[in-house]
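Just dropping this structure here.
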Ligand SMILES: O=C(CO)[C@H](O)[C@H](O)COP(=O)(O)O
C-alpha cells in the first residue's frame, strides 16, 4: 500500500461511522478528500441522508461535486461527527497539529462544535512530540502581520511566510487572513504554548488542537488502527 492507499483506507473506515440523519463536519486536505468522495458514494448508492458543514471552500466544492447536501451553523449549532486529517498526532496524548492546508480556523470551529471528532491519518503523521516534524501554522490578521511575526519570533519560533505554489503570492486563507508557519521545534507543553498563542494580539487562531480528537484512525500498510484518548 502506498501513502494514498493508507489515506483512503482510514477515510473509508471513518466514512462508515456516519449514520443517516447526521450533521457531518467535512475536513480539508488530501485525506479528507477521500472521505468526502466516499460519503458522496454512500449518498448516491445507499441513499444516505446527511447534511454537511465543510471546513473550507475547497471541501465545499468537493462536497457539492460529490452530491452531499451542505448546511451551515445558522441551521445546526451541533455537529454529530466531524472527520478531518492532521499534520501531526502526538502518540501519547492525541494532541494534534493541523492547518498546513490553511483551513485551521474553520476546522477548529467545526471540530469544537462536534460531538465526535474523528481524525484520519496515514502512518507518517504520528510523532512522539508535536512540532518535531512540522511547524505550527498560525492564522493572523493582515494588518501589522509583520509585527505579529516578530512577536512570534520572540516567543522562539522560526517564522516562515508560506506562498502559493503556482503564483508565489503570500498565502491568504478563506477568511482573508494570512498564515505564518511557526517552527518551535519539539513542544514540551502544548497547552501552555496554545495559551500563549491564544493571548497574542493579531493571532486569529493556531494549529495546535490539544484534547480535541475523540478518535484517531491511523492507517498502516496492514490495517487501520483505532486510537482513543
Ligand atoms: O489541517 C489540514 C488542512 O488545514 C489538513 O487536515 C492537514 O494538512 C492534513 O492534510 P493531508 O490529509 O493532505 O495530509
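Numbers here mean position along the shown chain, with the first residue as 1.
Using the three backbone atoms N, Cα and C, a Cβ is placed for every residue, glycine included.
Since this is a predicted model, take the numbers as computed values, not measurements.
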Check TrEMBL for me: it has 28, 29, 30, 31, 84, 85, 86, 87, 98, 99, 100, 101 binding substrate, so pick out which one of 125, 158 it puts in that same site.
125
As a test of the contact definition, list every same-chain residue at least 6 positions from residue 100 (substrate binding site) whose Cβ is closer than 8 Å to its Cβ.
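87, 134, 137, 181, 207 - these are the non-local Cβ neighbours of residue 100 (substrate binding site), listed in sequence order.
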Output, ordered by sequence, the same-chain residues six or more apart from residue 86 (substrate binding site) with a CB under 8 Å from its CB, or 'none'.
96, 97, 98, 119, 121, 125, 209, 213, 216
Mind giving me a neighbour count for residue 125 (substrate binding site)? Other Cβ atoms within 10 Å of its Cβ, every protein chain shown.
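If we count other Cβ atoms within 10 Å of residue 125 (substrate binding site), we arrive at 24.
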Taking the mean position of the Cβ atoms of 28, 29, 30, 31, 84, 85, 86, 87, 98, 99, 100, 101, 125 as the substrate site, which residues outside that list, in the same chain, have a Cβ no more than 8 Å away, listed in sequence order?
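For the substrate site, the extra neighbours are 27, 32, 103, 107.
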